[in-house]
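Trainee: Just passing along the structure, written as structure tokens.
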Amino acid sequence: MLGPSLSVEPEDEVMEKGADSSPPAAIGADDKAPMDEIRQVETNNVRPACFKSTFQEVLFVLTATMAIAMGSLMIGSVTVTSSFIGKDLNMSTAEITWISSANSLSSGAFLLFFAKVADLFGRKTLFVGSLFIFSVFALAAGFAKSAIALDVLSGLMGLTCASAVPPAVGLLGIIYEKPSKRKNYAFACFSAGNPLGFVFGTIFGGVATNLFDWRASFFLMAIIFLVFTAIGIWTIPKDFTPKEPLTLETLKTFDLVGVVAIIFGIGMFSAALSLGETAPQGWKTGYVLALLIVGLMLLIGFVLWDLWVEYPLIPMGIWKDRNFSMCLGILVLGFMAFTPGVFFIALYFQDVMHLSALMVAVRLLPMAIMGMIVNIFAGLVLHRISNKLLMLVATLSYSGAFLLLAVNRHDTSYWALCFPAFLLLVIGADLEFNVANMYVMSSMPPSQQSIAGGIFQTVAKLSMTVGFSLAVVVFNAVQKNPRMSSYWDKTTQPYAAALWMAAACSILSVCLVPFLTLGTQGGNEKETSPPSTDDGESSVETVQVSGEKQAQAEAMVAQALPTEG
């Protein structure tokens, strides 16, 4: 309990920012303590008090990770089964890509809406309900009999992804409120959900399709998320942040105009990008132009509205932070490359090399293994190594990976180009995601942690949709008129062109890294070597405390992490 005594119980947390910020230095001291008392306090590297055991904490972080893995798990599964789904349901290449695009489109459009709902009305119920509803839609997708039905269900699954991620991010943000080593570990695991969800989706989809058929992959997803629904009910702690009653005053702070503008703006803009290549008259088709223009106008109107309104959905001032903007810019270019790039190399394995779903999954397996290693590494070094350097390594890894895949040919050995490319891909994806996610979540207060996660995920989903659209345009153009170098055979040229597009995005992201000024994130700035607790989880630090800052810190932690009882 936080109280007036001079001691601090192990469950209490003392958190300090990394090199780029200056939060309160300590908590938990006597209210009557002198203004500048120097004393030893425990750092924040202990288990949050809302968990009864480390086992419960680990299961909670794993459950939160499954929220971000929802969409990528489904997209990964579709990636290795796309040709089998297409043959069974008589789908064109554009209709197949819509399975993934519909998921990203609906998820990206509604993320900020559900983020606001989570911040205002509570996170746990929304999170657990989303896990359950996702499993229901996945079960229904397994029984789909037409391309339209599967695309619609994919969009509904994307909707549940949108409702699951913000409360999961928000809960992580208030439980691990300040940058710390423990927060690094938790967010490294959470960040792994996106790339590893994709890779394990390919494995699960490949195995299930090989043993049964493509429908079994959706049934498997339904079972997985039903299990995590049960786990979440037990492990997810109560959201202690203040809730708002559903009143007229609350609706005024909800920014309904902004919500409507962002939902329809992103939805129309993304739909135009996805439909442009397959419309009867291409990009000149009337409804495509209408969707594109109206979508852009709504997005511009949303920005102008939130600059003026008293309670904005997104505090636009956050974009003045150069590191915030640059981190998201780098992430956008990375996702524009990663998702369509991996989709088309997997489709190449299926359509050109005629590999089974299981064999495609086996070829993508190194990504899963490397992903585990990279995320463990990220959790250990975010507070030790310059994050600007980590971003440089990530963008260079992305660029090298797609250059290797772009020059791949039908007769090239898998071990010569694809294998090292897949390893580099995961290094790029995981390092970028960890650094950007940590910075974005640390840039906003506890009351807006779900909005912070919503901004992050909206940008990621929208960039995936844009990347898919560009890749499809390039693929179809080269497929109709294969005029690339004779280095590639005509069958390979469309896939190579899509991968060159991904390489271009990756190389462009390298150019943004010099504008970052990031140092380390998390950990403690000044540590001494006094004693530690028996479990080695907490360290002791000598700090100088002012009464005002101390009181502020106590209030923040009492709100975010009240002890039981």
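Cβ from N, Cα, C; glycine included.
Straight from TrEMBL, here's the annotation block:
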DOMAIN    60-521  domain 'Major facilitator superfamily (MFS) profile'
REGION    1-32  region 'Disordered'
REGION    522-546  region 'Disordered'
TRANSMEM  58-76  transmembrane segment
TRANSMEM  96-114  transmembrane segment
TRANSMEM  126-144  transmembrane segment
TRANSMEM  156-176  transmembrane segment
TRANSMEM  214-236  transmembrane segment
TRANSMEM  256-275  transmembrane segment
TRANSMEM  328-349  transmembrane segment
TRANSMEM  355-382  transmembrane segment
TRANSMEM  389-407  transmembrane segment
TRANSMEM  413-433  transmembrane segment
TRANSMEM  454-475  transmembrane segment
TRANSMEM  495-516  transmembrane segment
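So that I understand the layout, could you describe where these features sit and how close they are to other parts?
Mentor: Across all of the domain 'Major facilitator superfamily (MFS) profile' (60-521), the predicted model scores a mean pLDDT of 84.
With a cut-off of 8 Å between Cβ atoms, the residues of this chain six or more beyond the transmembrane segment (58-76) that come close are 51, 100, 103-104, 107, 127, 130-131, 134, 138, 154, 157-158, 160-161, 164-165, 167-169, 171-172, 186, 189-202, 204-205, 221, 224-225, 228, 231-232, 234-237, 339, 343, 457, 461.
Nonlocal intrachain contacts for the transmembrane segment (214-236), taken as residues 6+ away from its ends with a CB within less than 8 angstroms of a stretch CB, comprise 56, 59-60, 62-64, 66, 70, 73-74, 77, 81, 84-85, 88, 124, 127-128, 131-132, 134-136, 138-139, 141-143, 171, 204-205, 208, 357.
For the transmembrane segment (328-349), the residues of the chain that approach it from at least six positions outside its boundaries are 75, 79-80, 82-83, 97, 100, 104, 195, 198, 202, 355, 359-360, 363-364, 391, 394-395, 398, 402, 405, 408, 418, 425, 428-429, 432-433, 436, 440, 455-456, 459-460, 462-464, 466-468, 470-472, 475, 492, 495, 498-499, 501-503, 505-506, 508-509, 512-513, judged by C-beta separation under 8 angstroms.
For the transmembrane segment (389-407), the residues of the chain that approach it from at least six positions outside its boundaries are 327, 330, 334, 337-338, 341, 345, 378, 381-382, 417-418, 420-425, 427-432, 434-435, 487, 496, 499-500, 502-503, 506-507, 509-510, 512-513, 516, 518, judged by C-beta separation under 8 angstroms.
Long-range neighbours of the transmembrane segment (413-433) within the same chain, counting only residues 6 or more positions beyond its ends whose Cβ lies under 8 Å from a Cβ of the stretch, are 191-192, 194-195, 199, 330-331, 334, 338, 341-342, 345, 363-364, 366-367, 370-371, 374-375, 378, 390-391, 393-398, 400-402, 404-405, 407, 506.
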Trainee: State the non-local partners of the transmembrane segment (96-114) in its own chain: residues 6+ outside its ends, Cβ under 8 Å from one of its Cβ atoms.
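Mentor: Here the qualifying positions are 71, 74-75, 78-79, 82-83, 85-86, 126, 150-152, 154-159, 161-163, 165-167, 259, 262-264, 266-267, 270-271, 274, 313-314, 339, 343, 450-451, 454-455, 457-458, 460-462, 464-465, 468-469, 472.
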Trainee: Should anything in the same chain at least six residues away from the transmembrane segment (256-275) have a Cβ under 8 Å from its Cβ atoms, list it; otherwise answer none.
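Mentor: Those are 97-98, 101, 104-106, 108-110, 112-113, 116, 285, 287-289, 291-292, 294-299, 301-302, 305-306, 309, 312-314, 458, 462, 465-466, 468-469, 472, in sequence order.
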Trainee: Between the stretches 126-144, 156-176, 454-475, which wins on the count of C-beta pairs under 8 angstroms to the transmembrane segment (495-516)?
Mentor: 454-475
Trainee: Can you tell me which parts of the same chain pack against the transmembrane segment (454-475), counting only residues 6+ beyond its ends and a CB-CB cutoff under 8 A?
Mentor: 68, 71, 93-94, 97, 100-101, 104-105, 107-108, 111-112, 114-116, 162, 165-166, 169, 194, 262, 266, 270, 273-274, 276-277, 314, 318, 328, 331-333, 335-341, 343-344, 436-437, 440-441, 494-495, 497-498, 500-502, 505
Trainee: Residue list, the transmembrane segment (156-176) vs rest of chain: Cβ under 8 Å, 6 or more residues beyond ends.
Mentor: 48, 50, 61, 63-64, 67-68, 70-71, 74, 102-111, 113-115, 117-119, 123-124, 126-127, 129-131, 133-134, 137-138, 141, 182-183, 186-187, 190, 236-237, 239-241, 441, 446, 449-454, 456-457, 560-561
